[in-house]
Structures are given as structure tokens and as C-alpha cells.
Amino acid sequence: TRPAIPHGFYCALRANQRGGQSTRRAQERDTTAMAEGKLLLRSFVEVPRDSHFPIQNLPFGVFRRRGQPEGPPRPATAIGDFALDLAAVSAAGLFDGPLLSASPCFHQETLNMFLGLGRPAWKEARATLQKILSADEPVLRDNEALRKNCLVPMSDVEMLLPITVGDYTDFFCSVHHARNCGFIFRGPQTPVNPNWFHLPVGYHGRASSVIISGTDIIRPRGQGHPTGSSQPYFGPSQKLDFELEMAAIVGPGNELGKPIDIADAEDHIFGLVVMNDWSARDIQAWETIPLGPFLGKSFSTSVSPWIVTLDALKPFACEAPKQGT
């Protein structure tokens, strides 16, 4: 089967806009941002009304020109129906701020070096891109040769995994999901374990099997167990499931043994992607006790190609659900 993952901003935005009072507060912040002119910013690049990629978004990804399998991957941002080649922008000297003017981060094949520079560099990059793409800035708008070199039609690009994944942790954050899964695996007596209400429940995933959306999924093989006294069976999973999730992409890490304070989390989280946590439920149910998920959860994890930054999502932030008992 081929996973269908929404690409980028819309799905993340839609999830954050649910809820009555929280939605109204987000709309109030939206109005404030518009009054400050941020949401009134327009690009010289024509952006369709239903596009996920207005100048207010500017997510980051990595692409290769379609039909050039040996061509180098290039960092990019999305604007309308185009990918803006950040290596070309950098080569033209348009990243002229103190943190990025001499940095080779956009001449790499992934975004890892850029993410490692931290929030000040991320904000400088976003501000520069919004400036050079704005309707009243001539540097790209009026330079046809440079514009054609930097702006690549989306129809001509192949999106790649934007980062080399160094580590991957999957968390169990939704009480509704926890309750449903607990009911399936443990029955109605204790669908949610008591520890769920006190600590972030998670497990260490397989970083090497994180793949870009659109990659074919091979149905995993493993052991399952029917019911009663029947013997386990081995074969292709008969209960292949999907889970639509949000994934946070972390930039700068921490020293071993030194945790990051919650108040400093936004200095480390670059942005969000949509994620499909593929799950072989029959394999998972048989193998999970006592050490947790293994082959039933590690065969593939799909992520969307564009990383939407926290700065782009700020106008739509709302309060998280209360995690009661």
C-alpha cells in the first residue's frame, strides 16, 4: 500500500484549531497578528487561495530535480506552487545576516546543519526569506535569471527525507487513543495505566526506518497469536494499521545526563511534520509484553516532506487539553 500523508501546513493547522474557547483565543491572536501586518504580507510569487504554502508558512524541506536521480539533494522552502532552492539563494548572497552569511548550511544534502544552528539562525532565515519573497522587494522579483534559478516548479521536484534522523521517540499523548488501545489490549478493567497521568509515556523507535511520505510500505512479517491455547503463527501481518500523528523535529540536543527544561523546549524544537506511525497490531499484541513494541512498530514510519516551523504556527497556538484523571 502507498501511504497518503497530507503535505505540510494544513493538517497541522486544522488540528490546532479545534475546540470552542481555545479556537476563539487563537482567532483573537490571529487578529492581533493581522493588525501588526504579519498576516497581510504578500509575495510576488502567485499563491493559489487553497495553497498550503503562503508566505506566512515557508516550511523547510529537501528536494531533487525530477528526472535527475544522480542530482544533489537541495534544501528548500515552499512558496505557492514552487520550491525555493536555498542553495541557490545562498550562492547569490541573499542570506546576508550575521549568522547565515558565511554558513554552508544550505549547501548540504539535509537540513541537519541548519537545525543545529539553533533558534536565532532559524529566525534569521525565516525573516530573510519573507523579505526576499515579499511583493515589494525587487531582488528576486525583478531579476529574471536569478528568479528562474531559485524558483523550481513543484511539478519538477522530487521531495526527499529532509533530515538524517539521529533518534526517534514515539509518545503516547492522547487519552482517547490511550483508552482505546488499552481497551483492545488489556480489556475494560484498566484501559489506561495509572502512570499515564503522571509521566510522558513513550518508547524508543527505529530511526533507520523513518521514510518520506509516498514511499511504498512492505507488509511486515512476524509472529502473531490468535486466542486461547492456539500456537503462534508466522506470516504477513493480518492487522496492518495506521496512526495519524504529529512529530516534532528537534535541532540542538543536550549533554548526556542533562535534561532540557520545559521552559526551554521551544529553543530546541525546530518544527512539526505529519507522521504515520504504521502498526502491525497482531504482531504488536503478541510481542509487547513485557518490554514494549518491537517488530510490530519498527518496520516503517512515514513523515511529510515539509517541516512547518513553530514560528509559522504561533498565530494558531491554543491551550492543550487538560489531562485529568
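Cβ coordinates come from backbone N, Cα and C, glycine included.
The Cβ of H177 (active site, proton acceptor) has E243 as same-chain neighbours under 8 Å, each 6 or more residues away in sequence. Under the DSSP three-state reduction, H177 (active site, proton acceptor) is assigned to helix. Per TrEMBL, the feature active site, proton acceptor maps to H177.
Residues annotated as Ca(2+) binding site in TrEMBL: D170, E243, E245, D277. Taking Cβ-Cβ distances under 8 Å and a sequence gap of 6 or more within the same chain, the neighbours of E245 (Ca(2+) binding site) are D170, V274, M275, N276, D277.
The feature Mg(2+) binding site is assigned by TrEMBL to D277, K297, T301. Around the Cβ of K297 (Mg(2+) binding site), the same chain contributes D170, Y203, G205, D277, W278, S279, A280, Q284, each under 8 angstroms and 6 or more positions distant in sequence. Secondary structure from DSSP puts K297 (Mg(2+) binding site) in coil.
If you look up TrEMBL, you'll see 56-162 marked as domain 'Fumarylacetoacetase N-terminal'.
Look at TrEMBL and you will find 169-315 tagged as domain 'Fumarylacetoacetase-like C-terminal'.
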Output field, Mg(2+) shell: CB within 8 Å of site CB centroid, site D277, K297, T301 dropped:
D170, G205, E243, M275, N276, W278, S279, S298, S300
Segment-level pLDDT (mean, integer) for the domain 'Fumarylacetoacetase N-terminal' (56-162):
97
Which one, from the binding-site residues D170, D277, has the smallest tally of other C-beta atoms lying within 10 Å of its C-beta?
D277
Under the DSSP assignment, what numbers of helix, strand and coil residues are found in the domain 'Fumarylacetoacetase-like C-terminal' (169-315)?
38 helix, 42 strand, 67 coil
So if I measure Cβ to Cβ from T301 (Mg(2+) binding site) and keep only same-chain residues at least 6 apart in sequence, which ones fall under 8 Å?
Y168, G205, R206, S209, V210, I211, M275, N276, D277, W278
